[in-house]
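In what follows, a single structure is set out as structure tokens and then discussed.
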Ligand code: 3H9
């Protein structure tokens, strides 16, 4: 065996040369890796004994793509293209041996190999779109030559990871080899290629699949139209589509040039910078400075959930989906039956769309047991309380759980803002109490705010973070404060949205500005969707707010055909003259005159207080890092990922500009705009949210 460099080895076994990469954690194509591969292939191809070459990786995965940390800086040679040329131009057949994930540049390297084998658990894909890019190393030119244009469009714009079996069917992989026997399987395959004297097949030379799409621009137009909603606001999907169009309409090398141009456009643009930042933000959020890998975790084999309402049922589904047994507790048999019925319906709907099989529906339902007795939770490893937001009820439940649950069981609450220290005080084991704040619908939404209370133990935190990953959530650790991180910042935005209305901006103006910014919908459209009467009690209504009046008129949102907006039978929203009149009457009654408010002011008034609130959260130690706040807002509140998150956006605008505006608002509109001390300090020191050191722990 020859060590080519610290991350690359070359061995020749009989007539097969084996190039082995070992660059943890994911064999990304860093400069060292490119250098090693380039040199190894030059040597392997020149080796007199070798008649074929296998490329294989050590560790958890085949090459997972370009090294994203290198982006944005100068890249040392050799380039990825040099490496690919060395592989594709090798005079001997090259076989890629794939396990784990061959993603992005990793798959693009594999597509330069003449043959590909994989283990059944492997996955392949071109996920560059998720970081605001396109496959910039020939992926958009080679992929359609194997899988055809339509499938290629779908793969590059969704970034999906295709399982090995499907990849085999599409021709992306030539053969599956036994799990755990990749090396032997790949060598055997290489020997077969040699024995059968198979050609040096190059993907670039095969135009059959793209011929079918030549002269059919409607394929691309239809694809754009069908996905317009999904792609709204994003730059990368369009450039991906254009690159595949180039594969169809241009000779291979010209197509490559066009792909490079479109790639560079994205790489230089603001969206990819935001999406790359976000990629690392999500991973960073998993690291808790004072809860290291050495902290033991508690095995969670069974979960109890209190409350079979929408939240409780949704939460239960997460665990059942992950193969964990669940007991749901309700007070009344009808409520329990209704709750379990909703869960079943949800599963059946997924099954009817092909998401899971009928058998899986039964398996998952089989894992969820209903009970009317909290005493049945004596043996569960974790309890999540999901009843309505009343402190007295929650404390009562926790006192009971303290009595019933086995020692060491984690006692979680799904409260969206109540004081968890107070809830924990109802028990004699506050170290076991933690906030597990799911977002609705809990079986769909990715975000989980994990709330550390004063006495929550490190084991309980470490277990919750690990469990979140196991059930497919993105967890962010936050501290106890009203609304925690997400709802607290939402509160700042909602307050301004309501105030803007009382100054003369119409709900649809505010919604439009926020929609155009990239949110899926604005706050008023959202209220109409959720129902204006949530938390509204007719008997207590005094007609003191616009919402009171709307509800009294039975304008309770989409469900009643009218709310802030008027709705047609297809639930299309139209600005409502009725609402407009109510608003104007309110403004007059308050002794003011409605004024014309610019879109710019609407945006600044809604967004800057969010950034300011984020700064307060950081200075109070209720979040570890600015980027954690961004993860909360992108995953839980529809902040457009191509704008990174509110704190990233604050850095883009410039903390000095945000501060100046907050001061201006404070001077004219009062204290609620008072800038956070941290924001003042940052500006004085010329720093940014991204550069702030992480808080050492959640307070
Ligand atoms: C590209 O290829 C462009 C080309 O087309 C053109 C070039 C010219 N780079 O996610 P995990 C780190 S663009 C650098 O927790 P998992 C990650 O930060 C790239 N670092 O593990 C983390 O570090 P830490 C296209 C990377 O098992 C550690 O690895 N490829 C990269 O849950 C473990 O990651 C992609 O977009 C990278 N490319 O998931 C794939 N990837 O431990 C991106 C990971 O310090 N990667 N790291 O926090 C993934 O989707 C997942 O990481 C993967 C593993 C599925 C591979």
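Backbone N, Cα and C atoms are what each Cβ position is placed from, and that goes for glycine too.
If you look up TrEMBL, you'll see 303-479 marked as domain '3-hydroxyacyl-CoA dehydrogenase NAD binding'. According to TrEMBL, the domain '3-hydroxyacyl-CoA dehydrogenase C-terminal' annotation covers 483-567, 602-687.
Looking at the domain '3-hydroxyacyl-CoA dehydrogenase C-terminal' (483-567) alone, the prediction's average pLDDT is 94. Taken residue by residue, the domain '3-hydroxyacyl-CoA dehydrogenase C-terminal' (483-567) breaks down under DSSP into 50 helix, 5 strand, 30 coil.
For the domain '3-hydroxyacyl-CoA dehydrogenase C-terminal' (602-687), DSSP puts the residue distribution at 67 helix, 1 strand, 18 coil.
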